[in-house]
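Sharing the record's features from TrEMBL:
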type	residues	note
ACT_SITE	A:THR180	active site, nucleophile
BINDING	A:THR147, A:LYS169, A:THR180, A:GLU259, A:ASN382, A:THR387	substrate binding site
There are 2 protein chains.
Amino acid sequence: MQLTNFDIPKGFSSFVTNLGIKDNTDDFVLVKSEVPCVADGVFTQSLFAGPSVTISRRNLQDAQAQGIIVISKNANVANGAIGVADAEEIIQLVATETGIAAQDIVIASTGVIGRRYPIEKIRGNLSGIGTKLTTVDFEKAAVGIMTTDTVPKLATRQIGNVKLIGIAKGVGMIEPNMATLLAFFFTDAAIPKDVLPAIFRPIIDKTFNCLSVDTDTSTSDSAVILANGLAGEVSQQEFTQALQEIAHELVLKIAQDAEGATKVIEITVDSAIDYAQAKRVAKAIVNSLLVKTAIYGADPNWGRVAMAIGKCEHDKEINQEKVQIRFDDIQVYPYASSDEKLEQLQKIMSKEKVNIHVSLNIGEAAATVWGCDLSEGYIDINGKYST
Amino acid sequence: MQLTNFDIPKGFSSFVTNLGIKDNTDDFVLVKSEVPCVADGVFTQSLFAGPSVTISRRNLQDAQAQGIIVISKNANVANGAIGVADAEEIIQLVATETGIAAQDIVIASTGVIGRRYPIEKIRGNLSGIGTKLTTVDFEKAAVGIMTTDTVPKLATRQIGNVKLIGIAKGVGMIEPNMATLLAFFFTDAAIPKDVLPAIFRPIIDKTFNCLSVDTDTSTSDSAVILANGLAGEVSQQEFTQALQEIAHELVLKIAQDAEGATKVIEITVDSAIDYAQAKRVAKAIVNSLLVKTAIYGADPNWGRVAMAIGKCEHDKEINQEKVQIRFDDIQVYPYASSDEKLEQLQKIMSKEKVNIHVSLNIGEAAATVWGCDLSEGYIDINGKYST
């Protein structure tokens, strides 16, 4: 992805380097705003959330932040008190070196769980970083936060003078729940403190929280937005629209790059009783291993979609006699057993993006979720990730 | 498995044949008792349950049955009114041919969803089957109910004169919920009508309902027991124990034969607030794709177990500072990052059965669940099952 200066919000600088966490690739990203930003963040609901999450949640309580640290290749999770102390020490080091107040620093960490940071290496390599900050390089930052990602994930929008950029990482352990993997948004728009969460959180809920690669929720999920106000005010409607578009774009990039994935799956469930029900049914389909493997093999076994809907056993209003299932515009239920329909279906299932549309016909709510197929590649990557 | 006459309960006859549902392997099983039996059944909670389930549930309401029909290679699910009519017609044909009352026949069907039975072939091939019933052949019956199973699954016990046998099938689309895949139990014990469900249902809940291969719940799950009373009364305690043992044995056989599986996983969660919580946490672990792939690759990435526990976000009592995680007798959390421990862990994870033990240390309840690893074989089987 080519970024021009045009796309870069004002007032941000960055430093990306290798601290030697795991290998020689970049594993440390610092993005600093020249002034404190209005900020908001949403985080994993995991009971095993690590110190990066608990500290960042605390530091964002006042809706202000000035810097974001991301450490990749080690999640710093399930390390007890020593893990907390390590995270606090890193924040303090960065604060001292850069002049940002410690409580205005957000930290995120992603990688293997249950291993301590190589803290002595980190201490040595962070020394003097305050002088190394340069004009922000979001492409390098997007690479620096990657773990098993194969491509960096960025998206940008411009609204008048205001620029907005998002970067994200994540390809596995992805079923964000009221939170997300790692995603960071930077803008020079001026957005009031009490407005930003009202814009940001519903967007995350309808984009990142509608994504599932493998039903496993990370202990480190974090999505944070920093708005430094240097470009002045912006139409909140246009800003919301742009943020929504960026978030959606990043979600599709994650689904495309998901571990072992060969196809993106988009499921829309409509005419449900309420949004929660529509999303529950859509998630049941997108998370079904049998649906995922059928799509991988372009096997026109549409009955597995019916099976997956059937798993929502608490949604007693759902009646199999009212349900309709379509792939693109081909209706398969009720009753597409003809060889001709199955051939059409096989063609649809061979596309790079497979759209499944379910109408429950019991209400007026709809939801769309995204996921990917399941291939041998996922097994290969995850049978030997930590070692 | 060698069955001797010794193991066979009195008064059952069977007929197993190929009706031409899909290929030339046996796809029809009829087991008849010479007298009506006390009977009970539990069935899938799927919203897309097929007519086999709805008809069998209805026919067992009086706790009496005399015959079981199993059709494999086609589930007869999501076929609308014609599917119901086909199932009723098959039951009526068998009733007429065998002299069993139609309402005393249980039917189960397993295989692809959304395809109609080849009903004309079935009609032709069922003609005259009343005369073809012979001394019961449970081994042949266990083979006749198979779909992608690679081995038949039987288990037997004897209590004095009383014999008890169970057969089961199932290797994928397995996360039974208040029900199970297909499992049938036959005994010549005399068990009162009001006692059998009290024995049978808790056992199913703690065995089959604690099994998950791939988190997908079948539309056809059925577990049925027939007790014809021909061997007289039995100690209910001993009978319960024997039935529990058989059910457990069949569950392990299913986990061993699960699609693509190379290892059985047993998860015990103890010191939970209640049984439901213990089971919820254990299921979260056994269903995690990242835990399953780590075990497949014998990758000592124990942090994924912590991640999976963390997903039970509604169980707010769980505190990561109180949790302990062990593989066999090796404690990995808190804090086993030493190379020596990871090597020990890798050895444990290379065994054919991997035992994970989690103590929540917040209560006194425990639960054990079973599952299997996830390999390329699962993808291979399920990327091309229907076609």
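Positions of Cβ are set from backbone N, Cα and C atoms, glycine also.
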For the binding-site residues A:THR147, A:LYS169, A:GLU259, return the ones with C-beta distance to chain B below 8 angstroms, or 'none'.
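Nothing passes the 8 Å Cβ test.
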List the residues of the same chain that sit at least 6 positions away from A:ASN382 (substrate binding site) in sequence and have their Cβ under 8 Å from its Cβ, in sequence order, or write 'none'.
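Correct list: A:GLY172, A:GLU259.
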Under 8 Å Cβ-Cβ from A:LYS169 (substrate binding site), six or more apart in the same chain: what's there?
A:SER72, A:THR110, A:ALA142, A:ILE145, A:MET146, A:THR147, A:ASP149, A:PRO152, A:LYS153, A:LEU181, A:LEU182
Within 10 Å of each Cβ, count the other Cβ atoms, then let me know which of the binding-site residues A:THR147, A:GLU259 comes out lowest.
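Output over binding-site residues A:THR147, A:GLU259: least Cβ neighbours within 10 Å is A:THR147.
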Any idea what DSSP makes of A:LYS169 (substrate binding site), helix, strand or coil?
strand
If you run the three-state DSSP split on A:ASN382 (substrate binding site), which class comes out?
helix
